[in-house]
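Sequence annotations record features per position, and here TrEMBL assigns signal peptide to 1-21. Under the heading domain 'Chitin-binding type-1', TrEMBL lists 311-353, 362-404, 413-455, 464-506, 515-556. If you look up TrEMBL, you'll see 321-333, 326-340, 372-384, 377-391, 423-435, 428-442, 474-486, 479-493, 525-537, 530-544 marked as disulfide bond.
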């Protein structure tokens, strides 16, 4: 009997332990809530577990949430963490325990400390730049992506980073010590932005000479909100492996001709500059799949050339495809059957007749070519098919069948615009002059004089997936993150989401404002906190005393 009771007791204890067991994320938050405000913990600490309950992602905003050394050590005591974001605003020393997270694949470190001074009768803002302790990077051998904000890199930091075998992506925001980057040879992606130069007078916005040309393995490069020099542009032109280049928002006056040397380039973003120039003819030789030059002063199209740079388009009045690619019957460049087979336009690219079951050449018809296969119509443009645009208006009956009852369109060939005509009833005329009913036809750039348009499908005023002040809103259904990028996940729609530039999901943001900030266009502080004159939430005198903004929180 006694033995049975012991077994029952052990079973109860075991079951109770299993029921009450917490995953790592819940454990961290419960630990911090013992000595801290619960709303602060929920607002400024976020985490994610894997399917086994082990912590793999951790984000901590230490700018407005101050914890002691013991609590800090607890945060970084989980070796399973793969992604860590740590914002430090209390001192310029980052916890050395970060170096023990040997499974880290992505690390984001940011230092935030601002001050204001009077200059020439005006208030100007200054930002402090933090430092990184020796040894933090040394043992992070699985690190692939590193993002740093408002930090200064020293010789020791660079030596440690240069030895990391898997480090490929480096993102720097308003950082100093860039001249030392020349020693990190393994990078394939580099992003440099000086996104605070409009607000902080003391921050440099230049890329030192010799840095870019030394990183010869780069495939993606982004330099934005910088004072780009001619030396910088010359160095960019030497990066022969570049596939993606973003030099937007740099006050450029002309299109850099150095870009013509980048023969592997597929994506070029150069929007929101001050360009008043014609697109260089040499850009025509690039195999660009994306070329965004919107929001400049006055851009003139490049001179006509055999090769198109118009986002992979081809055909009459556009140009030829890059060497080795086919121009489909719809005017797009590619290499698969749908581009090189039936309907392929041989005058604008190569064609593979073996991929066309038609009895004539390339799905074409007409004089000197021949008739269409049985049951197909020969359109006015000399292509075989069975839809309205082939069998209706302009159909050539001598080279195939025609059905005059199928001429409901006011134009021909699915095209529209000046000198062509309107789309069929219910269809939209896209900015490229094609009829259709999807967003790409009825949204941004839709030509209302040649068909219907749905303005509700054009909510975005920006380009390149970015958003915010001086850029514009996100596309319909997307959120604008605190960092100014469009998307639909929690990191875009949750904490810090900018509702004036897209939708936001307040259920994913327990704080009434973004990132511990407050004020006009941002919002109120969490309950019980004060909004300082600088626009930050907190409970000490510097938040609740002189200059406290009562309309955005409590004040003493």
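Cβ from N, Cα, C; glycine included.
Heads up, TrEMBL stuff is auto-annotated, nobody curated it.
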10 Å Cα neighbourhood of residue 537 (disulfide bond): matching disulfide-bonded residues from 326, 372, 423, 479, 530, 544: 530, 544
Listed disulfide-bonded residues 326, 428, 486, 525, 544, filtered to Cα within 10 Å of residue 493 (disulfide bond): 486
Of 321, 326, 435, 479, 486, 525, i.e. the disulfide-bonded residues, those within 10 Å of residue 428 (disulfide bond) when Cα atoms are compared: 435
Rounded Cα separation (Å) that holds between residue 384 (disulfide bond) and residue 442 (disulfide bond): 27
Minimum Cα separation from residue 442 (disulfide bond), reported as the residue among disulfide-bonded residues 435, 474, 479 that achieves it: 435
Distance from residue 486 (disulfide bond) back to residue 391 (disulfide bond), taken between C-alpha atoms, in Å: 43
DSSP state at residue 537 (disulfide bond), helix/strand/coil: strand
Using Cα positions only, nearest of the disulfide-bonded residues to residue 474 (disulfide bond) (326, 372, 377): 326
C-alpha spacing of residue 372 (disulfide bond) relative to residue 479 (disulfide bond), in angstrom: 50
Number of Cβ atoms other than its own within 10 Å, given for residue 486 (disulfide bond): 24
Long-range environment of the domain 'Chitin-binding type-1' (515-556) - Cβ separation under 8 angstroms, sequence gap at least 6: 37, 39-40, 43-44, 61, 63-65, 114, 116, 482, 495-496, 500
Disulfide-bonded residues clustered about residue 333 (disulfide bond) [Cα within 10 Å; pool: 326, 340, 372, 486, 525, 530]: 326, 340
